[in-house]
Amino acid sequence: MAEEAAVRAQAEAVRRLKQDKADPDEIAKEVTKLLEMKARLGGDEGKQKFVLKTPKGTRDYSPKQMAIRERVFNAIITCFKRHGAEVVDTPVFELKETLTGKYGEDSKLIYDLKDQGGELLSLRYDLTVPFARYLAMNKITNIKRYHIAKVYRRDNPAMTRGRYREFYQCDFDIAGQFDPMIPDAECLKIVHEILSDLQLGDFLIKVNDRRILDGMFAVCGVPDSKFRTICSTVDKLDKMPWEEVRSEMVGEKGLSPEAADRIGEYVQLHGGLDLIERLLQDPKLSQNKLAKEGLGDMKLLFEYLTLFGITGKVSFDLSLARGLDYYTGVIYEAVLLQEETVRVGSVAGGGRYDGLVGMFDPKGRKVPCVGVSIGIERIFSILEQRVEASEEKIRTTETQVLVASAQKKLLEERLKLISELWDAGIKAEVLYKKNPKLLNQLQYCEDTGIPLVAIVGEQELKDGVVKLRVVATREEVNVRRESLVEEIRMRTSRP
C-alpha cells in the first residue's frame with residue numbers, strides 16, 4: 001500500500017509541475033520516475049507492464065518532424081556538394097583505444113560497450129576522430145569529404161535546447177597539405193552559406209586560433225601542464241560571466257590570481273582586422289612565437305574572408321577556446337544572435353586539427369585537416385518550434401496525384417492506371433477500398449496536401465481520357481491517357 005501511495009504522490013507532483021508550466025526537462029524527468037514506479041508496482045493480473053518511453057536523451061520523430069529534418073539535410077548536403085565534397089561512412093562504434101584521449105575533459109561522456117568477442121568498443125563521440133582513423137588506415141593524404149551520421153554522448157540531456165545523447169552531426173572536412181588559410185576560409189564560407197540558406201535569423205561566426213590561445217596562456221604565466229584545462233574553462237565565457245570563469249580558474253584549477261587577471265585582459269577582446277593588427281604590435285604577445293604565427297594566419301584568413309564578402313558576420317574573439325584536445329590552429333563557432341523561440345548554444349563549430357591523423361599512423365605521418373560540423377539538432381529545435389508557432393502546414397509525403405474513381409466497380413481500372421503512373425516514376429496513391437466515395441477521396445487529398453486527382457469513370461474509359469482535377473482550384477480538364485504522365489509532371493514540377 002505504501003508503494004501505491006508513493007505512486008499517487010509522484011503523480012500529483014507531475015500534475016503540479018505541469019500546472020505551474022515548469023521546465024519541460026524537469027517534467028520529463030518526473031514523468032520518467034512515475035512510469036518506473038508504476039512499472040515496479042505491476043498489475044493485479046501479474047502481467048508485465050512495459051514502460052513505454054524512449055531512453056533518456058533520445059526521441060522519436062513524427063512524419064511532420066522528419067519532413068522538416070529532410071528539408072534541412074537537403075540544404076546542407078546541397079551546399080557540401082556545391083563545394084566538391086565526396087561522401088564517406090564509418091562504423092557507429094570504434095575500438096575504445098581509437099577514441100580514448102582525443103576529447104580532453106569530455107572523454108568521460110563516451111559510451112563504452114560490453115566486451116564483445118575480445119574487443120573493447122565504444123560508440124563514436126563525433127565524426128572527426130573516426131575520419132582521422134579512416135585516413136591513417138587507408139593512407140589517404142588528400143580528400144574533401146562530408147559525413148552525416150548519428151553520434152552518441154553520455155551527456156546530461158537538455159532536449160528542449162536540442163541537446164541529446166543520440167544525435168546527428170553534419171561534417172565537412174578538407175584533408176591535405178595546402179597553402180595556409182585557403183581551406184579554412186572555405187569552411188567558414190560554407191557555414192555562412194548554410195546559415196543564410198536556412199534563414200535562422202541573424203548569426204555571428206566567432207573565430208580564434210589555438211596557437212594564439214596557447215601563446216596568450218604562456219605570456220600570462222599559465223604553466224604548460226594547465227593549458228588544456230584552463231582552455232576548457234575559458235570556453236565557458238559565452239555561458240558564464242568573467243568573474244565566475246576567473247573563480248573556476250583560481251579556485252578549482254589552481255591558477256594564480258595574477259595569471260587569471262592577465263588572461264582576463266585578453267579574453268574579453270573581440271573585433272576584426274584592426275584587433276589582429278593591434279595584437280601583432282602587443283609587446284608581450286608579439287614576442288611569443290606561437291601567438292605571432294597564429295596572428296599572422298588570422299590576418300591572412302580575414303583577407304580571404306573579405307574576398308568572400310562575409311567579414312560582416314565574422315568576429316575574431318579571444319574567448320573562443322573549444323574544449324576538444326585535437327585542435328591545433330584556427331577554431332570557430334557560429335551562434336545565433338536572435339534566438340526567437342528557443343535558447344540554443346552554438347549551431348556550427350570546427351577548426352584545424354593537423355596532428356590527429358598522425359596519432360593513428362604507425363609512422364606518425366601527419367595529414368593536415370580542417371573541418372566544420374553543423375549543429376543539426378539545435379537548428380532543428382529552432383525550426384520545429386517556429387513551425388509550431390506559425391501553424392504552418394507541413395506536407396509529409398511527396399505524392400503528386402491520387403488515382404480516384406467516381407463510380408463503383410472501377411478498382412481494376414484504378415489499379416491499372418496507378419501502375420502505369422508508378423512505372424513512369426510518378427508519385428501516386430490510391431485509397432485501399434473497392435468502392436470509395438469521391439468525396440472521401442477528395443477529402444484525403446485536402447488533408448495530405450496532394451495537389452492533383454486523376455479520376456477514371458466509365459465515360460472517360462470509353463473516350464480514352466482521364467479527368468485531372470486540381471485540388472486547390474477545383475479546375476478539371478480531360479487529358480488523353482497517353483499524355484497524362486507529361487501533364488502531371490508539368491503541373492507538379494517546382495518553378
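Cβ atoms here come from the backbone N, Cα and C positions, even for glycine.
Taken from TrEMBL, the feature L-histidine binding site applies to D126, L127, T128, R153, Q169, D173, R322, Y326, Y327. Annotated domain 'WHEP-TRS' per TrEMBL: 1-55, in sequence order. What TrEMBL records for 33-383 is domain 'Aminoacyl-transfer RNA synthetases class-II family profile'.
Across the range of the domain 'WHEP-TRS' (1-55), the DSSP-based residue counts are 36 helix, 0 strand, 19 coil. Ranking the binding-site residues T128, Q169 by other CB atoms within 10 A of the CB puts Q169 at the bottom. Least packed by the Cβ count within 10 Å, out of the binding-site residues D126, Y327, is D126.
For R322 (L-histidine binding site), applying a Cβ distance below 8 Å and a minimum sequence separation of six or more within one chain yields D235, I331, E333, G349, G351. Of the residues the record lists as binding L-histidine, namely D126, L127, T128, R153, Q169, D173, R322, Y326, Y327, the two whose Cα atoms sit farthest apart are 21 Å from each other.
For the domain 'WHEP-TRS' (1-55), the model gives a mean pLDDT of 75.
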